[in-house]
Structure formats: C-alpha cells, structure tokens
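TrEMBL has this to say about the protein:
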- Ile9, Gly10, Leu11, Gly12, Asn13, Leu14: NADP(+) binding site (BINDING)
- 154-255: domain 'Pyrroline-5-carboxylate reductase dimerisation' (DOMAIN)
Amino acid sequence: MDQTNLHIIGLGNLGMSFLGGFTSINSNLNLNLYESNEKTRDLLIQDGWENVYSSIESISDGIILLCIKPNDLNDFILENKEKIHSDVLICSSLAGVSVKTFESEFENKIIRLMPNLAIKQKSGFIPFTRNYTDDYLNFVEILNTLGSTQEYDESLFHIITAIYGSGPAWYFELSAKIVNSATNLGMDESDAKILVSNLLSSLPHLTGEKDFDEIVENIKSPKGTTEAGINSLENNSFDKIIYEAIESAVERSIEISKEMENE
C-alpha cells in the first residue's frame with residue numbers, strides 16, 4: 001500500500017502533540033515537518049527526523065495539517081497558496097478560522113478540527129467539520145487512531161473551541177487555585193500538588209454513565225464538607241464566573257473569525 005504524505009506545518013505545542021500521537025501508532029503515514037523556528041528544527045533533526053523543512057517548496061499530494069497561529073494565516077496563504085496542489089486535503093486546527101476563510105483562497109477539500117493536547121497520548125476527542133462528505137484519503141479514520149472523532153455543524157465551533165480547545169486550561173487554572181488554597185491553609189506546596197495531581201488522574205474513573213450533577217450529589221453528604229464547599233461556590237456566583245469565562249472565549253473566537261474574513 002502506498003504511503004500517505006502528511007505535512008505537519010507548525011511544530012508548536014499542538015503540532016508536536018500530533019507528531020507524538022502519529023509516531024506512536026503503526027500507520028502508513030510519511031510525515032513531513034515544516035517549522036520556521038531554527039532551534040525547533042534542530043531539535044527535530046537531533047531526534048532523528050529526516051523530512052524537516054523551514055518552508056514549503058511544493059506540496060502535490062497528501063494532507064496538510066495546519067498548526068500555525070491564526071495571526072500567521074494570511075502570511076502563510078500569501079507565501080504558499082500557489083505551492084499547494086488542489087488535490088491536497090487541507091486540515092486546519094486554527095481557532096476561530098472558518099472553512100469559508102480557506103474556501104475563499106483554495107479550491108481544496110477542507111476539514112477543520114478542534115483537538116486538544118491529549119492526542120499525544122492517543123486519548124483525545126477530536127470535533128471536526130468539513131466541506132466534503134467522503135472520507136477523503138481516509139483522514140477521519142487516521143484521526144480516530146488518536147482517540148475518537150465526531151462531526152459537528154460549524155456554527156457550533158465557537159462554543160467547541162471555548163469548551164474543548166481551551167477546556168484543559170480551565171481545569172488546570174482551577175487546579176492551580178486549589179493548590180494555592182491548600183498552601184494558604186498550611187499545607188506544603190509539594191504535598192498539595194501531589195494531592196491535586198492524583199485528584200485529576202482519578203476523575204475519569206468517576207464519570208462513567210452518570211450525569212455530572214448526579215456525581216456531585218453522590219459525593220455530597222448532608223451538612224458535610226463537600227456541601228459546605230459547594231454552598232460557598234454557589235453563594236459566590238460560581239456559575240456566573242464560569243459562564244462569563246466561556247462566553248469571553250466564545251466572543252474572542254467570533255472576533256478572530258471576523259478578523260480573518262475581513263483581511
């Protein structure tokens with residue numbers, strides 16, 4: 001079977017997570033890596049990668065996995081639009097950048113993803129939307145090797161970006177605040193980090209088939225410690241704080257989308 005060329009463009013955190021995920025599977029992919037940062041390229045070469053490039057000369061087939069920053073998209077298009085053949089599948093992971101934005105510049109098939117860094121451990125969930133119906137180049141099947149996938153209407157992607165793309169940061173920010181609270185109450189920081197890290201790793205085992213509210217009710221006991229903490233959260237408008245954080249992220253995603261479409 002012929003290998004499929006997969007061109008990862010941008011080896012920041014997300015690009016490296018994709019690379020880590022794809023290298024841990026027994027796949028028929030020929031990985032080509034494109035990174036403008038010389039230090040990052042040198043590290044990739046030191047790790048044994050051969051197909052490492054500073055820029056694109058020509059891409060005639062396969063899949064482009066675009067992991068650059070949204071602000072760099074216009075420069076990418078100006079420099080590379082004529083170098084990418086129309087048979088190439090363009091896969092974008094850029095927050096706030098619509099399929100329509102790519103369609104205005106390329107005749108290619110476009111798929112848009114919103115993964116997070118869990119793909120590196122092949123435990124990711126990858127929401128996607130696309131402008132075609134078949135599994136072109138078996139790419140959705142390939143993505144499923146990194147966890148699981150689900151297709152959504154693109155109108156939901158601003159919310160998906162805020163909740164799932166940014167979601168890990170919400171949980172780790174909360175975790176950092178829990179550590180800070182523990183240290184302020186007299187616990188050593190190292191001990192607090194151990195407790196919170198183990199708490200995080202235990203959470204997937206608690207979810208199962210139950211709703212989140214039901215899990216909370218199962219943990220609480222009348223007039224107990226959990227109920228006291230939950231009551232404090234409610235009294236301090238915890239639901240409003242969370243809503244406004246998610247809303248701010250959604251609004252920024254919408255702003256980015258409009259900025260990209262107007263440029």
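In case you wondered, yes, glycine gets a Cβ from its N, Cα and C as well.
Nobody curates TrEMBL annotations by hand; they come from automatic prediction.
By a simple count of nearby Cβ atoms, those within 10 Å, the most crowded of the binding-site residues Gly10, Gly12 is Gly10. With a cut-off of 8 Å between CB atoms and residues at least 6 apart in sequence, the same chain places Leu117 near Asn13 (NADP(+) binding site), listed in sequence order.
Cβ neighbour count for Ile9 (NADP(+) binding site): 24 (other Cβ atoms within 10 Å of its Cβ, all protein chains included).
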